[in-house]
Structure formats: C-alpha cells, structure tokens
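> Pulled the feature table from Swiss-Prot, pasting it below:
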type	residues	note
ACT_SITE	Tyr156	active site
ACT_SITE	Glu163	active site
TOPO_DOM	1-19	topological domain 'Cytoplasmic'
TOPO_DOM	41-56	topological domain 'Lumenal'
TOPO_DOM	78-112	topological domain 'Cytoplasmic'
TOPO_DOM	179-189	topological domain 'Lumenal'
TOPO_DOM	211-232	topological domain 'Cytoplasmic'
TRANSMEM	20-40	transmembrane segment
TRANSMEM	57-77	transmembrane segment
TRANSMEM	113-133	transmembrane segment
TRANSMEM	136-156	transmembrane segment
TRANSMEM	158-178	transmembrane segment
TRANSMEM	190-210	transmembrane segment
Amino acid sequence: MGPLALPAWLQPRYRKNAYLFIYYLIQFCGHSWIFTNMTVRFFSFGKDSMVDTFYAIGLVMRLCQSVSLLELLHIYVGIESNHLLPRFLQLTERIIILFVVITSQEEVQEKYVVCVLFVFWNLLDMVRYTYSMLSVIGISYAVLTWLSQTLWMPIYPLCVLAEAFAIYQSLPYFESFGTYSTKLPFDLSIYFPYVLKIYLMMLFIGMYFTYSHLYSERRDILGIFPIKKKKM
C-alpha cells in the first residue's frame, strides 16, 4: 500500500496559509483598534486628544510594530512573497521613529506630528492587511486591490515628511538631554543629533527606492503595461 495522503488541514501549504491569515488578522485588528480609538477620541475631545495620542494608544502601536518585524522572517524563509530590502526599509523607518525618536523623548510624544503619523501608518496598514488577509484565502475584490496598490502613493510621501518633521522636532531635546550620546575612549564621542541628521538625509534616499519598488509592484499587480505596437 502506498503512503496515505495527509488531510488538507495538515498539509504544509494549508498550515502556511492558516498562519499568515491569523497573523494578518491580528495585525488588522490591532491597527483597526488604534484608528477607531483615535477617531472616537478626536470627536469626543477635539484637538486635546491629539496631545495625548501616544499615552492612549502608544503601547498597542509599539506592540503592532514590533510584531511586524516577523514579516522580514516571513520573506526570508519564503512563506511570504515579497522583496526583503524594500520591506526592511519600511519597517526600520517606523521602528526608528517610534522607538528611538518618539518613545525616548517624552516632550516629543505630545507633539501633533505623532497623531498625524499614527493616522497615516494605520490607514495604510488597515488596507494592506485586509488585502493580504483575503488574498491568502483566495478572495479578491477589484476595488480593494486597486485601493491597496494606490492609497500609498499620496500617503507614503506624507509619512516620510511627517517622520522627518518628528526628527526635526526631537533634535533640541536630544541636544539638551544627551540621550544616546556616548563618550568613547581616545577623545572620541558619538553625538546622537548628528546621527539623526545623517539619518534624515538617508530617509529621503530610502523613500525614493521604496517608492520606485512599490510603483513597480503596483504596475505588475494591476496589469498596467505599456502598449506595444504589433508588427505588420
């Protein structure tokens, strides 16, 4: 007798899709909760809610962004089809801004730019994770596909501008408190505001690379190709 076939739910492909679906669902729920919380708070308290955005939803945002690092592992081991470098750049942007710039400086946490950043990030992620979650189980909607491949075009550059503004606003506090600045032997030192200024320039270089990749991906998914003339 030949080997018995495994039940569908035990097959590797099914387990991979089930895992990805659960992962995308968890991320979608997390980002939806954040966005809903911010919306309700804004309509309840107005501009005052923007000042304490980080205190209200910062923990959940940090949790969602930390878990999103798993996506690099997904791509590396091959269970998620994507390019590693562009995704790495997108994730490190957020990790640096959220954990290094915002979390480490309490004064920055009260800035309006934090609320703006969180709105942009969550808008993109709610659409992206919805699209990915449904794609895993073979469900596709033309409107959702178009939205997931188009929404980032105006919002991603705005995200980068907001991230750059957050860095700019944080510089005086890093200079005053000396956070992450380190004195090294042999009269050397690491002055962290200089590191942030260098990263500020790299942020826009990375934006160009990521934007080019996302546009190429959009063209492939939506099937927008140049029309070739037929030879007579």
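Just so it is clear, glycine is given a Cβ too, placed from its N, Cα and C backbone atoms.
Small disclaimer: the values here were computed from a predicted structure and weren't measured.
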> List the Cα distance (Å, whole number) between Tyr156 (active site) and Glu163 (active site).
10
> Six or more residues out from either end of the transmembrane segment (20-40), which same-chain residues have a Cβ under 8 Å from its Cβ atoms?
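49, 53, 56-57, 60-61, 63-64, 67-68, 70, 74, 79-80, 115, 118-119, 121-123, 125-126, 129-130, 132-133, 136-137.
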> What are the sequence-distant neighbours of Glu163 (active site), meaning same chain, six or more residues apart, C-beta distance under 8 angstroms?
Glu93, Ile97, Leu117, Leu203
> Pull the DSSP breakdown for the topological domain 'Cytoplasmic' (78-112) and write it out as helix, strand, coil residue counts.
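Its residues fall into 24 helix, 0 strand, 11 coil.
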> By Cβ distance under 8 Å, which residues at least 6 away from the ends of the topological domain 'Cytoplasmic' (78-112) in the same chain are close to it?
16, 19-20, 50-52, 54-55, 58, 61-62, 65, 68-69, 71-72, 121, 160, 163, 166-167, 169-170, 173-174, 177, 179-180, 196, 199, 203, 206, 209-210, 213-214
> List, by number or range, the same-chain residues at least 6 past the transmembrane segment (57-77) whose CB is under 8 A from its CB atoms?
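Result: 20, 23, 26-27, 30-31, 33-34, 37-38, 83-84, 87-88, 91, 94-95, 98-99, 102-103, 109, 118, 121, 125.
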> Apart from its near flanks, which chain residues at least 6 from the ends of the topological domain 'Lumenal' (41-56) lie with a Cβ under 8 angstroms of it?
102, 109-110, 112, 114-115, 118
